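Beneath this line is the structure, given in structure tokens, with notes to follow.
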Amino acid sequence: MDAHYSPRDIERDAQQYWDKHQCFKAVEDANKEKFYCLSMFPYPSGKLHMGHVRNYTIGDVVSRFQRMQGKNVMQPMGWDAFGMPAENAAIQNQVPPAKWTYQNIDYMRNQLKALGFAYDWSREFATCDTSYYRWEQWFFTKLVEKGLVYKKMSTVNWDPVDQTVLANEQVIEGRGWRSGALVERKEIPLWFLKITDYADELLADLDKVEWPEQVKTMQRNWIGKSRGVELTFDVKGADGQANEPLAVYTTRPDTLLGVTYVAVAAGHPLAKQAAEQNSELAAFCDECARGGTSEAEMATKEKKGMLTGHTAVHPLTGDEVPVYVANFVLMEFGTGAVMAVPGHDQRDWEFATKYGIAIKPVIADESGQPADVSEAAYAEYGTLVNSGQFDGLDFEQAFDAIAAKLAELGRGEVKTNYRLRDWGVARQRYWGAPIPVKYGPEGQTVPLTDDELPVSLPMEVTVDASGSPLKKMPAFSDLGDGWTRETDTFDTFMESSWYYARFCCADNTEAMLDERANYWLPVDLYIGGIEHAILHLLYARFFHKLMRDFGLVDSDEPFQQLLTQGMVIAETFYRSTDNGGKQWFNPADVEVKRDEKGRPLSAILMSDGEPVEMGGIEKMSKSKNNGVDPQSMIDKFGADTVRLFMMFAAPPEQSLEWSDSGVEGAHRFLKRLWRQVNEHLAVGTPGKLDTSALNDDQKALRRKTHETIKKASDDIGRRTTFNTAIAAVMELSNAIGKFDDSSELGLAVSREALEACVLLLSPITPHLCHSLWEALGHSGPAIEATWPVVDESALTRDSIELVVQVNGKLRARLEVPASADKASIEKLAMEHENVQRFLEGNTVRKVIVVPGKLVNIVVSG
């Protein structure tokens, strides 16, 4: 082998070997236990970033480890290729989205290959391939036939520049998150999937999967199952005439006697009716419609409202309370109207305080007196007060009694409600999968038949900022005889909701899925960021259940185990600009002065030598200009160094702070291991490993070898703490470096230790280990090697070291036979020369022996 570690050469050679022998091609084998490992596939934005590299390295390490356990492993890769960024790039660069997308895929595929990931590239696809989304279209038509899809008019956030619907979370201070245009509220017809039909199952089946509890909680909260009461308030107009009753839903009927006003959303029919006669109210409703509508914004924004002139009649007391239009009430949630109890809801309290509305406490505090609500709402449960016949009841009793009274009066009923809403799957964009529906001359809405599929998206198009070009393409939309094609496209979450299943049989041109899907599914380990905890993961679970109910898969859940990796973070540097903004500089262009612990003290820009401000440690991003190009790191240090650093710098669930010195340290370790194997081979040929003839030093190294195997097996296989497994291998390498024994038996012991290092690192630094395994004389490649097995007999010790304390302070270390009993240990400790000095003149009160650890002698003067 070469004397010097040359990453470029050894990585090229290893990758050529894997490609030539199709090492990662997965084939179903009923006689082997399968392991399907999947990292969330990337959007082909142009280049990989370090977040991608971390995600995919974790998946690759697990895949390779499971292969070494003898499992039949599948690890595929593809591209989540539809979406708005391609359209925006097409507008900016005057290039069709398809061309931009496929060029990016080609570049990023080469980057992934350079990192040596063990992907079965024969299964690769992009979601913009017609061969992929044709089956999505086919499945949609089947869902229509089963009544699981419907189209209805829906009030949406409309971006007049991007010409598309925005989710509530995409409206920032009343403006579109991309275009910056003032968002309009308008009604348009949209397609929906009935995810709410599966709400209970989606909730219950969270108990079947091994996911982080935080993610499960986020999904439970999003589904938001609650038990409450839906009740009605009669409404009187300003003229005293009866109006349509108002329906509200509450989980706190125990507070019903504390209602002092009712609030409705700006889009509620009552608000619209009142606004017809009140221009000031109409203007306020328009203002509400332009505001942000995410729940996060609702919680923090200033509460505003305006009287409608209507009153609501309390269903139990007959009292009339005012009806307001309020900016914190949304039509998308519940009934679009809320009964306000300012004494026991902080949002209602803030609104009532601002507008001088009465606040009535109806819950007693811990003292039994009506709660003090002068400074804030009292939101705790308690005993009812100021509630007439219901006084003295606790929450459960009051819930049942008040619900029964409302039912008796025909004013309410107990209901189970869900926060979850049906999934709107239509987008008014071009770069997406066309929705397979046509419309007839007499208003018919008809799903396309199988022989009319696929509906292929036209690829050579000019995209501009005036909306989807599909609407302006008669060749696409006009089917003749008065029939037209739907020009909306699917939400891109549709494609990412079932891609994992298509990987199982991506070559099937006759069906969406086949029996191979049931061999591989569910995915054994799914890896991705926690930002996907709700939408993507919830939609994929829903889609899996739909496929199951159509007989396409036989499992209930798509992903058995979920690992949510942390972000990659790095230092940030900037200068303030004249306009009050900040100009961010890449860390590679900055020279940092640090203290002895490596903490930054000051920084200058290398190009001009002038100071820059330190902005702290942030997630790598284009906006903060603190990203590191993976390709530059691969070119400089090699893929194995990048992979090793990614696995060593932090546990996978935690944020990983990028460190140039850490990367350099990882590279030094790999060079040292290369050198150790080289030097070992130069010494001579090992003899037979006769474990019965080992001396103490040989036993010690062999024990360290098998302790390391045991720890790495547990750290990677059970705990997924790759960093501690690597640290253990580094310790073993240190022990090898200190082991000076060139006898045949000594070389056999050091050979075993070096081979253990190579095998334990093989999932993490596979190129290096491919070369070292071959250099160590093995005819078969490292990729076919099995994980090393612990020799339990090697772990036994003839002697152990104990700490000896006097009154809890360390006074000696004691080497004793491993088989020594407590009496022998106590005697040896008491006789130790250094311990004797601290016993002199004192009385021994007690001797505590903790087997295998310490002896503590308690004395008094």
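Here the Cβ of each residue, glycine as well, is placed from N, Cα and C on the backbone.
Keep in mind that what you see is a predicted model, and the values were worked out from it rather than measured.
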Pick from 239-243, 464-468, 619-623: which range has motif ''KMSKS' region' per TrEMBL?
619-623
List, by number or range, the same-chain residues at least 6 past the domain 'Aminoacyl-tRNA synthetase class Ia' (618-658) whose CB is under 8 A from its CB atoms?
7-8, 11, 47-54, 57-58, 60-61, 111, 114-116, 212, 563-573, 584-588, 664, 666-667, 669-670, 720-723, 726-727, 761, 764-768
What stretch of 39-171, 420-571, 699-822 shows the most Cβ pairs under 8 Å to the domain 'Leucyl-tRNA synthetase editing' (220-406)?
39-171
Around K622 (ATP binding site), how many other C-beta atoms are within 10 angstroms of its C-beta?
10
